[in-house]
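Notes follow the structure.
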Amino acid sequence: MNQGKIVQIIGAIVDVEFPRNNVPKVYNALKIDGTAIILEVQQQLGDGIVRTIALGSTDGLKRNLIATDTGHAITVPVGTGTLGRIMDVLGNPIDEAGPITYTDQWEIHRNAPSYEDQASTTELLETGIKVIDLMCPFAKGGKVGLFGGAGVGKTVNMMELINNIAKAHSGLSVFAGVGERTREGNDFYHEMKDSNVLDKVAMVYGQMNEPPGNRLRVALTGLTMAEYFRDEKDSSGKGKDVLLFIDNIYRYTLAGTEVSALLGRMPSAVGYQPTLAEEMGVLQERITSTANGSITSIQAVYVPADDLTDPSPATTFGHLDSTVTLSRSIAALGIYPAVDPLDSSSRQMDPLIIGEEHYNTTQRVQQTLQKYKDLKDIIAILGMDELSEDDKLAVSRARKIERFFSQPFHVAEVFTGAPGKYVPLKETIRGFKAIVDGEYDHLPEQAFYMVGNIEEVIEKANKMTA
């Protein structure tokens, strides 16, 4: 048994001295005698001293306490025993529902699947949200990012996606709450409970009030649980299709920045850690699909000061298959979900994957919206009357498209009082195709606001004229 003693404590950073011939490896977990605190080795400083990060509060720690090397990285329980439970970064239950039953424990630091084991798919994942299904469709087994500044609706959009996909998708889900509000974690738990899908969801939380070590590692804990479901073969010899929700990936980066500063590394651009790209890559490369099973990942990405060129969101962009960008200017118009249809993109946007009709409709919608965007300056200076008849028609259609992108959400029913709407992809394509074809030029634009499919628009317009 390899034991050392604490020699220095600076906030969440603890230095431990071991015999020089028996220094623990980087990422090994150390247990401190008489406490529940786990330390993770981050650096070997020489002379037998290792610098570690504490996964938990260091209150009450003092010099010369004995730390024991476990000989392996942090391990967490995996398997069906985690479903329906809320756990912390170490896999301990925090929902007061008794101990977790498990048959296996996995280390949270793992290698990504090898190149030949990976598999890609072109199968689409229908979300029931019009603007997403039309403009930036999701792939099954793909990676999706929800980008947005503070208060534009990332978490509400994620909750709606969970509501629409996790309920329709019979597989398993893992939710990792990384550095977010505890209230949101609580809301999510009750939302899942009320909709009877709690027994298919494992929840791992490392919230805002926790030390940086917890927030940095909790995403890996959630990912490890998802990997187990993907890789563990059932009686048919296949793994499972898993949904992995991470809210919020920016807090993962931020925790890394805090840890990096505490470890004494020289900061890089905007104060981020110099290892930002590597840390992001280590996490993202593991979120992938294999021939055995798939992980479909939906990640919320906070955009500091609405600046998409900030190193953190910019580093995340390269790893994603679909990006859903939420815009403050669209939220200011009262259009929710506040997705920017011109700034959101998807690798699935190919006629061979989504079909000619969907592709052509999306292109025409984008052209109409882009034309309106280009004309906005002229309208602001000269007014609508100075536009040509063709331009007036384009503006009218674009405003209808903008409003038709809005949609009442199931998870927002309690706030808005309007019942949520799920719109199948075929209905979405049919509706937008009809608008750009000019079939509804005679209807008022207010009729397109906060409805489901195009039939509801006609119904609303008839009520308005009645």
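Yeah, the Cβs are placed from backbone N, Cα and C, and that goes for glycine too.
According to Swiss-Prot, the protein has these features:
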| type | residues | note |
| --- | --- | --- |
| BINDING | GLY148, GLY149, ALA150, GLY151, VAL152, GLY153, LYS154, THR155 | ATP binding site |
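Where Swiss-Prot records a feature, it is marked here on the structure.
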{"residue": "GLY148", "record": "ATP binding site", "Cβ contacts under 8 Å, 6 or more apart": "LYS154, ALA300, VAL301, TYR302, VAL303, THR325, LEU326, SER327, ALA338"}
{"residue": "GLY149", "record": "ATP binding site", "Cβ contacts under 8 Å, 6 or more apart": "TYR302, VAL303, PRO304, ALA305, ASP306, LEU326, ARG328"}
{"residue": "ALA150", "record": "ATP binding site", "Cβ contacts under 8 Å, 6 or more apart": "TYR302"}
{"residue": "GLY151", "record": "ATP binding site", "Cβ contacts under 8 Å, 6 or more apart": "ALA331"}
{"residue": "VAL152", "record": "ATP binding site", "Cβ contacts under 8 Å, 6 or more apart": "LEU326, SER327, ARG328, ALA331, ALA338"}
{"residue": "GLY153", "record": "ATP binding site", "Cβ contacts under 8 Å, 6 or more apart": "LEU326, ALA331, TYR336, PRO337, ALA338"}
{"residue": "THR155", "record": "ATP binding site", "Cβ contacts under 8 Å, 6 or more apart": "GLU180, GLU184, ASP247, ALA300"}
- Excluding its own, the Cβ atoms lying within 10 Å of the Cβ of LYS154 (ATP binding site) add up to 27
- List the other residues in this chain whose Cβ sits within 8 Å of the Cβ centroid of the ATP site residues GLY148, GLY149, ALA150, GLY151, VAL152, GLY153, LYS154, THR155, in sequence order. TYR302, LEU326, ALA331
- Message: With DSSP assignments reduced to helix, strand and coil, which class does GLY153 (ATP binding site) get?
- Response: coil
